[in-house]
Amino acid sequence: MPLAFFTAVYFDGFPSWFPDPFRLLKATTALTALGITKWYSSGRSNPSERNMHGRVVLITGGTSGIGASTAFELARRGAQVVLLTRQPASDPFLAEFIDDLRARTGNQMIYAEQVDLADLYSVRQFATRWIDNTPPRRLDMLVLCAATVLPPGSERKETPEGVEALWMVNFLANFHLLGILSPAIRAQPFDRDVRIVIPTCSSYIAAPKLDAELDGLGTKGWLDEEWAPARAYARSKFALMVFAKAYQKHLDAYKRPDELPMNARVVLVDPGLARTPGTRRWITRGSLWGLLLYLVFYLVVWVFLKSPHMAAQSVLYALMDGGLGRGAGGRLIKECMEVDCARKDVDDEEVAKKLWETSDKLIERVEKEQAVKRARAKKEQEKREEEAKNKARVEEIESLIGSIKQGKAKAKGGEAKKGEAQQAEANEASKKGKKKGKAGGNNAKYQHNNHHQQYHDASHRHPVFFTDKLRRPPFSVAPLGAQTSPVAQGYVYQDGVRSGSRL
């Protein structure tokens, strides 16, 4: 079929429905050029592989951008990945991210630890917990991908500790973290290939010289007049590169107790421009109109900027290449190959020494100030808690006293009601007795209980017969006779005679 088509074209020319050959050639050329540009902009892929099973990797910035792609590739190869994140492990987004990463990689050895790089105390807490272990915890790789950037035109920002935000997150936090983790890194076995990979940016080339700018480091309004987002970002990345070189010398100078060589190396990586959240924030200037233009011209962005996955290839190369595990450290990797630094003052020892000393002093001062504030806040919190406890205790006592008073009032009211009821009953009984007495009339005079105490009293005894002096019935009741006499009626009893007997 293709042969017949080309034969017909050769003898008869292109058919009428076929497009203009020149237009087709132009379109083909444009698409080819676009494809070549995209291929070139995507960069090189990592040619190296390494067995990552059982290796422990700490990653900052591992939830987005280049750090997320690096974490995915390492977890897919079986590494134990510990993500150092600003949010606690209980954060819903972070928990869902880790679950998704575990499901996609088939690796359950993925965890998270809270480390806020904008807070020196948070960095110290994590690093202290990590090194406070016997024997030392295993640590194979440390990847410092976290960074922050402010769009053009932004105002200068400071952390709650009073440090310029870009300097804090991009440089000072990494300096503090590596400084505390240094004993854990140096304590690793000599045959363990420990690598510290620090991504940087080509903007370090335009950074100002550090030796003149470090004099007022940490003071209020440091470089405020000359501050600009691009300048501050480039300065922080350049300082990080200077520190990385100095840190490698710090590791090389360590003498192991077993007198074996030190096997930890620092590797710098320039991943290039990528479609990361930081780059998008820079291009859009942090505005909705900028985001709209970004979406409109996304094809241009897609062609000329790498994907986070391709940008992570140089980072993976720095972690996996066997040649980087031999020889000196402090090398710079770009497009999966070693390159030279564009600035010679990166290796300036005087600048590195001054940077190290001023950063140490700044951290010491800030931590002392924050320790005083935390102690004061803790004391105030304890005072508030004690006041709350005392208030609750007083309220409890007052409630108890109120309950007791209420109970007494109820009891008193009950007794009063009971007394009133008894008095009413007594009055009612008295009324009934009076009515009964009136109803009985004179017949009550003939009724007598011989054994009642009042009729056995000596004052009622007859002086001769020692009988009870009982009232005689009136003569008008009945005529005197045997049946109506007092004795016959039982009104006169002898002492000791059984009750009811008649005399």
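Residue numbering: from 1, along the chain as shown.
Cβ from N, Cα, C; glycine included.
Quantities reported herein were computed from a predicted structural model and do not represent experimental measurements.
Over in TrEMBL, the protein carries these features:
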- 363-398: coiled coil (COILED)
- 55-174: domain 'Ketoreductase' (DOMAIN)
- 405-460: region 'Disordered' (REGION)
- 288-305: transmembrane segment (TRANSMEM)
Counting only residues 6+ away from its ends, which parts of the chain sit with a Cβ under 8 Å from the transmembrane segment (288-305)? 34, 37-38, 41, 151, 273-275, 279-280
In the domain 'Ketoreductase' (55-174), how many residues does DSSP assign to helix, to strand and to coil? 48 helix, 22 strand, 50 coil
Mean pLDDT for the domain 'Ketoreductase' (55-174), as a whole number? 92
